[in-house]
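**Q** For reference, the structure I am asking about is given below.
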């Protein structure tokens, strides 16, 4: 059994393979089941199925030992034993859930040892019983006398068990170091008693029919080869009216604790001379030697006693032992008490190791400083042990222990399977005899054995582990231990990235990957890394939260001087993203200025087809108010860089008023579809409808027709197109007179936008006059933003008037819209950036919430299935 956990002897002398690993494992594996249940198992299952039973359970622990050897030799081990190994391989959630179940298994195992010692004592000294035991008459076959079996009273087991548990707790509190020094000596009576058993078997005479012992006999071997499953009472005594019916599955649960104990050596890694050599050799040697012992014992037990003797003599090992049965009684009591002490010493250390990792705040009471004893954890372990002792039924306790141990062994095997399969560069175990298929087989055997024993116990244990896992996921503190799942995610991401290739993604598989430009136009409050509403808008560009956003900001300066500031800013931005519950990553770039930084970002950000495809920028509404003269050139440069890099652009005006997830909007989402954009504007409107804040809105699509005669034909075409795209929207076609027609008619429409139009004309004329005056003084051509420009005043006037008409139309039809989407006009070639900002200001005038969208040279929606 897993009795010894983290009991490292406080000495400078390092232990070798024999005393450091082999002896502890042997001491934990050989225990109460072998002495008082193994002969009964042979009688119930027969020799054939008993051999199968031992081989089946032994194979499970053998494969687990191989996995353990591989993981344990892949680096230094800290406190926590299997919890440490599993947690570092499968993550803290899995490690804590399995670790706590393993702790419960060890705590319950202490009660198993205590009950075994008490039961053996009461069988050896019946007069010590306080209460009257149960009497069972066993009807024998012909030639064998009927037998009367007196089983210890359940109340005696409870009373003596509680007393022994309390005494053991006092010893643990008072002398843990002494226990660690004396523990190996407990193995000597066990080994000596084994020799006595084998000597007694070979010396046994044919006393049949008086006692049922035939001596080693071929006929007895033949009679006992087959199984004879039958009913028993709670004490395991054959009874036709018994409540328990035994089969192979039940015997697996009863016997499996007799092959556990393989973790004892790995838990002593700190006291080993050569961990990489001792753990594999010592663990596997103990596993193989005990399995061989069990197989030989099956053959001997099946050949020297009748089936009735095997079933009715609860301590056949003592009956047959040479020279006197008392040797076996003493051996059982000493070995079980020693193992119980080790369980009560080791289980609290496992709980303390889990608490010290500070993953679960609720376990903070069990924390201990290094070098101190876990007294509170010991009291808690003693409470669990006492509760199980009160149950008083050995056969009901062992399946519970088995489930917890099998969960742990499955975790070890799955850890090795994952690490072996991923084969990360850090996976370099010194133990070379391992393979992922063996670990997978070991894990599968663990699960199969669990269901063979009891599907109900399996469901309960898995539910308990799942519940702990879920609780740790919700309440636990995040811990990055470099576990195998992170490596699996990394390799899966790399493989997926390679499979995507570098070709364009089909429109059916197109996802928006927005590049959120966090650099503000102006200043944000101190320690605020991003506009508070940018993440809300980024979430609106994803369907059901699926997708990834890249939040990027630029620090002006030299990289060597600002590297630490960039790291700090990146952490702040990442915290902001996590706080806003937005799936995305944060990136900070240091560049001489914003334009150079953005140009580098738009060229290099992303990998393969996972590069950002939409650039989201807040409209600089403050550029004229705060007299930020560098904004126009920077803003136009960003748009031109996106066009050259073939990135879509979304300019957000009215970001301060953008709704969060709890602010429900009503009205319409209006689209002014002026130029072909690959369907991006339509797709964005559909994504907005998937959000709770916009789900009550309806979509209106406005199309611009040059002539009145084109209205009906254009409307029919757009409706058909939207129908094929599975998009519901109302189509509205409006006409807009060209600039030449309006000029001939001799005026412009008088509306709310006229004042803004007149102001823009005046400012552009003033700016143009200053440009001409400067060029005349310097004797150069017209210059703007550091480069020559060519200004066609008639074309400038046309741009202004067209923008005016579009703004007037938006205000006429969409003044109450929840949000307006309009095609973003590209910056005119050779026009000053200042002129373009005037065009944009005129376009957004009096529109509270506006998205200016420019697609790129590809479709993002498709008509086909």
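Note: Cβ is positioned from N, Cα and C throughout, glycine not excepted.
These figures come from a predicted structure and were not determined experimentally.
Feature annotation from TrEMBL assigns transmembrane segment to 15-36, 51-73, 94-115, 157-176, 183-202, 244-264, 284-305, 320-341, 376-394, 400-419, 440-472. Under the heading domain 'Amino acid permease/ SLC12A', TrEMBL lists 20-490. Taken from TrEMBL, the feature domain 'SLC12A transporter C-terminal' covers 532-653, 664-864.
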**Q** Establish whether the number of Cβ pairs under 8 Å between the transmembrane segment (157-176) and the transmembrane segment (284-305) reaches at least three, counting only pairs separated by 6 or more residues.
**A** no
**Q** Restricting to the domain 'Amino acid permease/ SLC12A' (20-490), report the mean pLDDT as a whole number.
**A** 82
**Q** What stretch in 51-73, 244-264, 320-341, 440-472 has the biggest tally of Cβ pairs under 8 Å against the transmembrane segment (183-202)?
**A** 320-341
**Q** The transmembrane segment (320-341) vs the transmembrane segment (94-115): three or more C-beta pairs under 8 Å (separation of 6 or more)?
**A** yes
**Q** Against which stretches of its own chain does the transmembrane segment (400-419) lie, if we need a Cβ under 8 Å and a gap of at least six residues from its ends?
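**A** For the transmembrane segment (400-419), the far contacts come to 1-2, 60-61, 63-64, 66-68, 70-71, 74, 82, 85-86, 89-90, 94, 98, 101-102, 104-105, 108-109, 112, 253, 256-257, 260, 263, 427, 434, 436, 439-440, 442-443, 446-447, 449-450, 453-454, 457-458, 460-462, 465, 484-485, 487-488.
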**Q** Where, among 15-36, 51-73, 284-305, 376-394, do we find the most CB pairs under 8 A to the transmembrane segment (440-472)?
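**A** Result: 51-73.
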**Q** Can you work out which residues elsewhere in the same chain, 6+ from the ends of the transmembrane segment (244-264), have a Cβ less than 8 Å from its Cβ atoms?
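**A** Same-chain residues near the transmembrane segment (244-264) but 6 or more away: 1-5, 21, 24-31, 33-34, 37-38, 41, 44-45, 49, 53-54, 56-58, 60-61, 64-65, 68, 81-82, 109, 112, 227, 229-234, 283, 286-287, 290-291, 294, 395, 398-399, 401-402, 405-406, 408, 449, 452-454, 457.
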**Q** Excluding the flanking five residues on each side, which residues at least 6 beyond the ends of the transmembrane segment (376-394) place their CB within less than 8 Å of a CB in that stretch?
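**A** Same-chain contacts beyond the ends: 32, 103-104, 106-108, 110-112, 114-116, 119, 154, 157-158, 161-162, 165-166, 169, 172-173, 234, 343-344, 347-349, 351-352, 355, 365-366, 368.
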**Q** For the transmembrane segment (51-73), I need the partner stretch with the highest count of C-beta pairs below 8 angstroms, choosing only from 15-36, 94-115, 284-305.
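**A** The listed stretch sharing the most Cβ pairs with the transmembrane segment (51-73) is 284-305.
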**Q** By DSSP, how many residues in the domain 'SLC12A transporter C-terminal' (532-653) are helix, how many strand, and how many coil?
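**A** The composition, in the requested order, is 56 helix, 29 strand, 37 coil.
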